[in-house]
Amino acid sequence: MENKLKLYGFNNLTKSLSFNIYDVCYAKSEREQRDYITYIDEQYNSERLTHILCHVTEMIGAHVLNISKQDYDPQGASVTVLIAEQEFPRNQIDRSCNLGHYADTIVGHLDKSHVTVHTYPEFHPGTAIATFRVDIDVATCGKFPIEYTQLLDRQFRFRHHHG
């Protein structure tokens, strides 16, 4: 490889931020539990989660390399966004690292790394409890100002549906 990635200053240190957000809802009937899960699943589907993570990526001055997203049956969603400091033209990918072709999936060394979110909406049979857990991970060698955690927190403020 001729082009080496220049590491400098703060970029030499990896910063990882992981946090979990929980919502617990009293839902006394089976219908209320299903309604809660349906509402959460609609509000936090992979499309909305992708929008949130792309916004965070933009705010930290990174560029999206690849997005992998999935909605799950019966409920839940996951999104992973691979990010880089600068835009990365496809013609700069070392073809020997990709078996000579470009696939739908790309794996590479990143100077920013990734942001991920996974959701776990559940109701607990036999109790009047429905829960929603969000796991968020941000890993970067670049800067991640702490105030961006407040942005993420605001995006996952729970607005309970009362049907």
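Keep in mind that glycine also has a Cβ here, set from the backbone N, Cα and C atoms.
The active site, schiff-base intermediate with substrate feature in TrEMBL is assigned to SER113. Of all Cβ atoms in the shown protein chains, 21 besides its own fall within 10 Å of the Cβ of SER113 (active site, schiff-base intermediate with substrate).
Using a 10 Å radius centred on the Cβ of HIS118 (active site, proton acceptor) and all shown protein chains, the other Cβ atoms total 18. Among the features that TrEMBL reports, active site, proton acceptor is placed at HIS118.
Positions annotated as active site, proton donor by TrEMBL: CYS141. According to its DSSP assignment, CYS141 (active site, proton donor) is coil.
Per TrEMBL, pyruvic acid (Ser) is recorded for SER113. Mapped onto three states, the DSSP output places SER113 (active site, schiff-base intermediate with substrate) in strand.
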